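As recorded in Swiss-Prot, the features of this protein are as follows:
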type: BINDING; residues: G8, K9, L10, G11, S12, G13, K14, T15; note: ATP binding site
type: TRANSMEM; residues: 254-270; note: transmembrane segment
Amino acid sequence: MAVYFVTGKLGSGKTLVSVGKIQDKIVAGCKIATNLDLRLQNLPQVGRFAKTPRVLRIPDKPSISDLLAIGRGNDSYDENKNGLLVLDECGTWFNTRSWNDKERQPIIDWFLHARKLGWDIIFLVQDLSIVDKQARSALAENVVYCRRLDRITLPFVGTLYSLITGSKMPLPKLHVGVVKYGDSQLSPTVERWLYTGKNLYNAYDTKQAFSSNYDSGVYSYLTPYLSHGRYFKPLNLGQKMKLTKIYLKKFSRVLCLAIGFASAFTYSYITQPKPEVKKVVSQTYDFDKFTIDSSQRLNLSYRYVFKDSKGKLINSDDLQKQGYSLTYIDLCTVSIKKGNSNEIVKCN
């Protein structure tokens, strides 16, 4: 079983990375229980047509009866199929006063034995120092430190950009959760959770306020198909054309620029002159009247210069380009072959 304390400053993405883990568990077919207000149909990997998610909403500050009501998270011995319990605003539960509160003791005992019930747990707190030391020792198997990369300024480049534009250099809104094995920042890093914000913002209530006077008990979310998917109507032709016009108007400049680049590239490719291929004209020679005028040996290669009956010099490289093969016999004797013809040429 894995227990995670997810920490980070306000707006650092604690809830977002936790919703990302909820999505991963739903896709894997696992059971979920949480005190977060979720919009399951907006989870990008779940969608409005999903029929199988099992997600329980528990009170903002659950009692022992609420935790007992969610039952088992996994009936098998495969811990990869464990359910996931996600609880936000846990700083008020695990401070020194609450940890020693006798009324909270049954809840703490349940957390300590959650492994036997097949639950993985994610606790969200702003800072680990809020949590009682005994609670950290007993439960903090993994601690996740959340960071937002768009709040970081790149050295030198970011400063130069700010001097030129007068504003902070925009960076991708990427949320990183660094998972440490243990409750110390010096503990070894076991993994990193990476999530982009845009596709998960609509999947939960980012302005949810937690209250001790939550008036609803444990209940199950309707599957996205029952709440949204079955009411979905396919777009007719007119609606599709209207959407097409909207998107064309929105991206018209980018589209025109792309078409311009593509047209220019196509035109330059078509009108580019093709390189001329030099044709080697094969000639016939009367090798009976050839003599070796000179020969040269370079390591394992040989080069000959021949003289025909008219005194014209022809080198062996030109003959080879015309398809003749030369076989070295000695510096004064060579065999010239092409097809079925084979001639011996010697020195004068």
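Including glycine, each Cβ sits where the backbone N, Cα and C put it.
Cβ environment of G8 (ATP binding site): K14, Q126, Y145, C146, R147 lie under 8 Å away, each six or more residues apart in the same chain. Listed in chain order, the extra residues whose Cβ falls within 8 Å of the Cβ center of the ATP site residues G8, K9, L10, G11, S12, G13, K14, T15 are L16, Q126, C146, R148. Neighbour list (G13 (ATP binding site), Cβ cut-off 8 Å, at least 6 residues apart, same chain): C146, R147, R148, H175, G177, Y195, G197. In this view, the densest Cβ surroundings among the binding-site residues S12, T15 belong to T15, judged by other Cβ atoms lying within 10 Å. Under DSSP, S12 (ATP binding site) is assigned to coil, being neither helix nor strand in the three-state scheme. When the neighbouring Cβ atoms lying within 10 Å are counted for each of the binding-site residues (L10, K14), the highest count belongs to K14.
On its own chain, G11 (ATP binding site) has R148 as residues at least 6 apart in sequence with a Cβ closer than 8 Å to its own Cβ. Within 10 Å of the Cβ of K9 (ATP binding site) there are 13 other Cβ atoms, across all protein chains.
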